[in-house]
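Worksheet: one structure, shown below.
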């Protein structure tokens, strides 16, 4: 461009006349990378939560479809359920025994000491059965079976076998995620009820043996049941079910969404942290809700 | 499930480079029932990707890939997976699940997609296994099988259940000579009942014995898929 007059540079007077000053014009350019970084970070952080919500809906919807429960899916469900319940049985019994010894005996002793023995049932229900049991059962599920599922599916994803399954027309969500999540859900309920019953029973045995409680086991359990509200009869099983559901789903989805850069060394800590977070969030939400 | 039209048809199918890494060149191909196409390809990974393209697993920038008259991109997830159940594949990609025994890996596709009695599926797999040189069906984990036995097992899995399309990647370096004749017989039997076959070969020697029966010969290069004269 020659021969033309040079473009006049804007003066403060012109800026005051309504044209944007230089620093304002360059603002979007400077802010955009920061906003993009913030967006990336936010998306990355909430990605798993969104995946979990979406896949939870997918599991619920697919599980309602009779055609989804074909024999390969049923076989996988059976295998996983026996692994979840069989693998977690002993850990649950031992942990419940220890929890029963600590919580029940201490609660009975100190409530009796304070002259509030009539509160024993409600304290045990609200502390041991409603709050501690789902957390400990969730941790047992995660450690005994969740990490195993995560490793299995993660290795299949990293090894390319998941893509090979898709090439054979087998949907990994249907074949692996649906049956395993349902197995974890049922396993969570089974182990949870086992945990609560065993913890209360062991607590009773110890306190009865030491002479702190003189009532029969039936009276003890009747007191505990009597202290439960109708809401507790809904919330406690629901907590066990949802903890199992989300621990299983989280492990499956973490394995299925492994990146090419991932290794088992990066997947397992991530899966464990997500699993613990899931267990805590489910429990806290119910505690706030209740 | 039969079709009078082409079993597999690629019309100016241009794979998306961003998603697949395949050269974005349009590909045309038409396989009728009973056709056997030999695709010369020296690169195993390229052959696997092309097979994926034919199975609707690679996103397209333009064009279409149709299997049994149905456009992969027009199908929902359920139909898409169900349709892939009609394809038998021998692949060099890691495809064995160590979660199950080899026998379960072999029959998994049939058990998943059909309601055939399990005993029938097992009997057919046993019969194919014996044809390919197994004494029966291998029960051990795939990780414990030799490369030769895995190649035999791949053949059994691909031909099980009368698939309509066979995508056979080159396993000639692993397949024992006694199983090669069985492979050619299985290909012929599949074509006789109306299946189309796409056979990827690294060397001419792989399919030299079958040359008189081949009716389509192609070469897969980075630049695209080209017909080869002289079949």
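Our numbering is plain: 1 for the first residue shown, then up by one each step along the chain.
Every residue, even glycine, has its Cβ placed from backbone N, Cα and C.
Nobody curates TrEMBL annotations by hand; they come from automatic prediction.
What TrEMBL annotates here:
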REGION    A:1-23  region 'Disordered'
COMPBIAS  A:1-15  compositional bias 'Low complexity'
TRANSMEM  A:44-60  transmembrane segment
TRANSMEM  A:80-101  transmembrane segment
TRANSMEM  A:107-129  transmembrane segment
TRANSMEM  A:136-158  transmembrane segment
TRANSMEM  A:173-194  transmembrane segment
TRANSMEM  A:201-221  transmembrane segment
TRANSMEM  A:241-260  transmembrane segment
TRANSMEM  A:272-289  transmembrane segment
Out of A:44-60, A:136-158, A:201-221, A:241-260, which stretch has the largest tally of CB pairs under 8 angstroms to the transmembrane segment (A:173-194)?
A:241-260
Would you kindly check A:80-101, A:107-129, A:136-158, A:201-221, A:241-260 and say which stretch has the most C-beta pairs under 8 angstroms to the transmembrane segment (A:272-289)?
A:241-260
Look over the recorded stretches A:80-101, A:136-158, A:201-221 and say which has the most C-beta pairs under 8 A to the transmembrane segment (A:107-129).
A:201-221
